[in-house]
Amino acid sequence: MSSQVNGRPTGPGGTVKDREIAAEQRYVDTAYARLEEMRADAQAMIREGYRQSLAGTKGSLVDRDAMVHQAALRAQALDVADDGLVFGRLDLAPGELGTGETRYIGRIGVRTSEHDSLVIDWRAPAAEDFYRATPEDPRGVVRRRVLHSRGHTVVDLEDDLLDPDAADGMTIVGDGAFLASLARAREGAMRDIVATIQREQDEVIRAPVDGTVLVRGAPGTGKTAVALHRVAYLLFRHRRRFGSRGVLVVGPNPRFTAYIERVLPSLGEGSAALRSLGDLVEGATAAVHDPPRLARAKGAEAMATVLRRAVADHAPGAPDELRVVFKGVVVRLDRPRLDRIRNEVHRRSRGSVNAARGRAATMLLDALWRRFTDVGGPEAAEAAEGAEAGLWNAILAADGLAALDEEPTRTGGGGGDPKREQFDARVREQRAFTDFLVAWWPLRRPLDVLRSLADPARLRRAAGRDLDRADVDALAASWAADAPLSYQDVALLDELDALLGSPPRPSARRRAAAEDDPFVVDGVNIITGEEVADDTWEPEMQELTTSMERLERSRRVDDGVVEERPEYAHIVVDEAQDLSPMQWRMLGRRGRQASWTIVEDPAQSAWEDLAAARRAMEAALGGERPSSKSRRRRGGGRRPAKPAPRARHDYELTTNYRNSTEIAAVSARVLALALPEARPARAVRTSGIEPVVRVVPERDLADAARAAAEELVGQVEGTIGVIVPLPPEESGGQPSLFDAPAPAEPGAAWTQAALARIGAGLPERVQVLNVLEAKGLEFDAAVIVAPETVAAQSPRGLRVLYVAVSRATQRLTVLTADPKWSGTLLED
Ligand SMILES: Nc1ncnc2c1ncn2[C@@H]1O[C@H](COP(=O)(O)OP(=O)(O)OP(=O)(O)O)[C@@H](O)[C@H]1O
């Protein structure tokens with residue numbers, strides 16, 4: 001028999017619950033005392049590491065570094081556990097010996113000095129029952145207890161009785177603290193859910209480590225929370241594998257990454273890289289979302305082909321004639337010949353265009369030599385040379401000196417033919433040749449190539465039949481020199497980076513022998529663009545670091561993309577339903593050997609061609625090379641072996657922990673309009689507060705939004721989101737769904753200035769943001785402005801609206817200029 005109590009007074013010592021709390025507090029105090037000792041040990045180890053360094057041998061320095069590093073990590077983990085160290089307790093059914101085991105679960109594992117377990121790390125196998133046991137499948141657990149603490153103090157308890165038959169005399173306390181915790185005020189940053197992870201969520205967190213885990217679920221089902229806890233789990237259980245090669249977490253925008261950035265550190269795992277799709281590429285930051293039509297064009301897989309053609313086109317300002325002089329003979333290559341050579345160099349050097357300058361130089365020399373021999377150059381040259389040499393030899397002989405020899409030839413080209421070698425050497429030395437090479441085959445930066453496509457004629461050449469005329473004009477305008485980079489542009493820069501590759505690296509031998517390098521002209525290597533010498537250059541004195549720094553400088557672009565692209569052992573993609581095929585290609589390059597966790601809700605997708613995105617996702621996850629012809633690995637490295645097909649583990653989360661049932665009902669209505677066949681998740685918390693829909697004249701929407709936010713400031717303690725339609729430059733200037741007249745009041749066009757006006761003077765916990773920025777976030781209260789406009793701004797506008805109405809935990813206010821929406825959102 002167990003006794004269920006809800007805090008009733010039961011005599012001296014307070015309520016039963018008070019006594020239970022006091023008992024747990026004693027245990028928690030013991031755990032904290034031990035934590036203090038462990039901390040002191042870690043600090044002692046750090047001091048010992050430094051002391052060893054005084055011994056001064058090389059070996060001891062290495063040992064010291066390893067020791068200090070380990071001890072510092074340990075100290076950091078112990079610090080994290082300071083808040084809410086112990087949050088769970090399991091009472092197991094008596095085993096054969098007749099006594100039931102008790103386990104305490106916490107943020108980290110704590111053992112006594114005799115190595116007995118005091119607290120089990122939540123990620124350890126022995127903690128799994130804490131999350132998995134249910135009344136239907138108690139897994140030997142009689143009672144599961146959640147401890148709610150503030151700092152070191154236990155303030156509340158909540159029990160689940162899982163096996164009543166085995167609960168002989170056990171006290172059960174609980175008053176819905178879990179549901180109450182879901183209603184807590186939001187502080188603007190996501191928190192970990194380590195104490196209340198639910199069974200279906202735990203299955204995702206502990207899913208098999210290899211292959212791909214694909215998690216689907218409606219808004220608020222904990223997809224983001226689960227993905228982050230999975231990262232902490234993977235780092236704990238497979239630290240060697242993931243700690244060294246790294247984990248990348250990708251979210252839709254920086255607002256979102258800022259929102260989730262505290263979760264992993266709060267779990268003691270600060271080492272994962274957190275990036276948004278707009279800042280995944282070094283040196284490039286997205287500032288805007290493209291309007292739907294542009295986003296569709298830029299994100300489509302066809303853009304890979306367009307960019308490949310763009311890279312193969314002649315560079316802007318490239319000369320269209322090469323003229324050199326050899327022994328008095330003018331040798332010329334015209335535009336058609338140059339175009340043929342350029343195409344041939346590109347054909348042979350896919351994926352490493354910048355590295356192909358050497359090949360370009362060689363092929364130009366070949367072509368020049370052919371031209372030279374075609375026009376009868378050798379005979380003419382020999383005749384001229386013979387006459388000149390004869391004259392000089394006669395003069396020298398008169399002075400008793402030796403006759404003129406052939407000039408010593410330099411290395412490179414020629415295939416052993418001395419005449420050809422002499423030809424190459426002479427031509428390479430000519431300014432006309434080197435200047436031509438640099439202008440004709442410039443070392444290009446991704447951003448330069450993208451901006452060059454602002455020229456519609458150039459873009460048309462690259463587009464072939466892959467883009468229609470209207471797309472070409474809109475794309476060209478979007479890449480004008482002063483236009484901000486968009487989220488889709490960042491993926492295009494990465495694609496271009498993969499196509500261009502890095503400039504060739506001079507080999508160590510070539511660096512050392514720069515003096516003899518035929519491609520070093522005036523102290524600059526014309527192949528790599530690297531400065532290899534100045535007036536005081538001395539090969540033996542050249543410091544390695546200096547040379548490496550120069551190389552680094554020559555590879556780095558000022559405002560473009562840095563050459564090295566990190567690769568990760570595990571990649572988590574949140575809001576994956578919105579990734580375009582080009583964005584998947586960008587991610588695929590970062591995870592060619594990675595395992596993946598993908599979380600998504602197709603019903604929230606703003607992307608139109610989901611099938612194409614799916615194909616691109618499969619290609620990225622399969623570790624396949626991108627399907628465009630840019631297959632060769634940059635820098636000419638060895639190709640990774642073809643990866644084996646990856647295991648796939650699919651999961652669905654079904655409970656909505658965010659919205660009250662009242663708000664969930666509104667979002668279910670929008671979902672029914674957007675995607676009639678989709679099923680909403682089950683909300684678990686009823687607040688008794690009905691959402692409000694107000695009809696307001698169009699020109700008053702901005703003022704009404706401000707007024708609604710002011711009202712909510714007095715009603716909720718935490719964050720408030722005012723969610724407005726896209727600004728004109730991101731919406732493509734689309735008219736309203738219901739053909740409302742153009743807004744007379746400029747504030748109703750949702751520009752940055754208008755947003756700033758709505759939020760001016762309101763407390764910091766009020767955020768005014770557009771619907772795309774609201775992805776993945778949540779607020780205590782949300783004001784949705786002009787749902788009719790949101791719905792009309794893109795072909796997937798209703799899905800975008802679905803995202804917006806599912807952001808609030810407690811209160812939802814909708815402001816519309818169209819009375820129809822009142823009925824649409826509220827009627828049963
Ligand atoms: N087991 C849980 N215990 C307590 N809170 C939870 C639990 N699971 C989820 N939550 C809370 O529910 C809210 C929604 O979670 P989350 O943002 O991860 O959902 P989501 O599925 O990613 O939503 P969206 O699709 O809108 O991005 C968060 O505040 C999260 O902390």
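Backbone N, Cα and C atoms are what each Cβ position is placed from, and that goes for glycine too.
Taken from TrEMBL, the feature region 'Disordered' applies to 1-20 (among others).
Among the features that TrEMBL reports, domain 'UvrD-like helicase ATP-binding' is placed at 196-660.
Cβ-based neighbour count (10 Å, all protein chains) for Thr224 (ATP binding site) stands at 24. The ATP binding site annotation in TrEMBL covers Gly217, Ala218, Pro219, Gly220, Thr221, Gly222, Lys223, Thr224.
Feature annotation from TrEMBL assigns region 'Disordered' to 618-649 (among others).
The feature compositional bias 'Basic residues' is assigned by TrEMBL to 628-641.
Note: the ATP site is recorded as Gly217, Ala218, Pro219, Gly220, Thr221, Gly222, Lys223, Thr224; in the same chain, Asp601, Leu653, Asn656, Tyr657, Arg658, Ala681 also have Cβ atoms within 8 Å of that site's Cβ centroid.
Checking the binding-site residues Ala218, Pro219, Gly222, Lys223 against ligand 1 with a 6 Å cutoff on the Cβ atom leaves Pro219, Gly222, Lys223, in sequence order. In sequence order, Val215, Arg216, Gly217, Asp574, Val599, Glu600, Asp601, Leu653 make up the list of same-chain residues 6 or more apart from Lys223 (ATP binding site) whose Cβ falls under 8 Å from its Cβ. Residues belonging to the domain 'UvrD-like helicase ATP-binding' (196-660) score a mean pLDDT of 80 in the model.
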